[in-house]
């Protein structure tokens, strides 16, 4: 690769940013990470679900097993409904058996701790560096931070989250080249319909480690993940009074979280456990808006954004962090391919980076569309947003067998991995059986939902006098998912 190595400036010590640092290190590409906070592992009470495609990337980087000390693998999924009906499925265990990697829930700070502590050179992560501006200069890009220091590199990657400063700079740089390049419609395309209170509690009896619970209700839902040592990770998704446009959503305080929680304090979670039992034993909690969007403009010049800065979805499907890690892996793949294909040590021109960035963003948008749509459906289904989704949640989901696992398997098997590192060997068939070119990959989400609506109405109209309809619904649901 020559004496002068490519240098990447990563803005944001996030999951995406630190994963990218590892990927670049393995690819032999220089980097520096600029993080505005004074510490990497700030305690927020947030937790992250690692699905097999995200776990595979972490495994390639040698970190997945380091997370096991913090986690209890998921093996069962319960659903409870406001009418008292409950349902249990084995989707987490099915996915583990199919892909050879357990589904694990880990505190966000512990994942960041593992990512940070396992870096070969932690001095390359610069803390307390808030970005002020980005500028192009003589085939390089410079980043100025609030303490006056200036960093120079060949490209900048914004991994600085949903409130991204780098995204603002991408828009500014694009408009400086040609006014109106980024339309106001795109700048206002991120919406907020739900807020989330999240936290960690301890000593809650009645919940079993490794058995997740989705508690559905009208206008809100709970996701509960009992973990190791009596700890419980939980989320309360709450529908707002209207659909807001970013950044115009309400700002929340701890008092707001207490006020909202009090409204649902008697809601049933599972096995006699009420939300009160979890809330009263909270160790830490927070509240945040659930932004939703996939932006279309990911780059300008030598600057590219990824992770939550470009795609943000509700936590109900657990895909957010996994998709961010995929972003990091794919970008590292493309940069490595570029360098391997060069006959000289010349660094990438602006035209080279435009081509690479455009391919990267198109490939990621294409991959993310179905994942994003599913996350939008699931958060609204869990909160019973309309009659169709309430029918689907109550009468279709409990009778679908492995349909949810099959849908998840398709997105998992299509996941990105680091193509310049060895793939872990798993004696599990799911990676091949649910690959995009396999027979099991075919099937239409729209068709599934249409069948769900038709037979949900039949079941709802007759309530308990149509058990045959429910069986037919389950059979058709399994059929159309294949």
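Just so you know, glycine gets a Cβ as well, placed from its N, Cα and C.
Taken verbatim from Swiss-Prot:
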BINDING   35, 108, 308, 321  FAD binding site
CARBOHYD  243  N-linked glycosylation site
SIGNAL    1-21  signal peptide
TRANSMEM  440-460  transmembrane segment
Separation of alpha carbons, the residue listed as 'N-linked glycosylation site' and residue 108 (FAD binding site) (Å): 28
Integer Cα-Cα distance in angstrom, residue 321 (FAD binding site) to residue 243 (N-linked glycosylation site): 24
Residue 308 (FAD binding site) to the residue listed as 'N-linked glycosylation site' - Cα separation in whole Å: 20
Lowest local Cβ density (other Cβ within 10 Å) among recorded positions: 35, 243: 243
Farthest-apart CA atoms of 35, 108, 308, 321, residues recorded for FAD, distance in Å: 18
Neighbouring C-beta atoms (10 Å sphere around the C-beta of residue 108 (FAD binding site)): 19
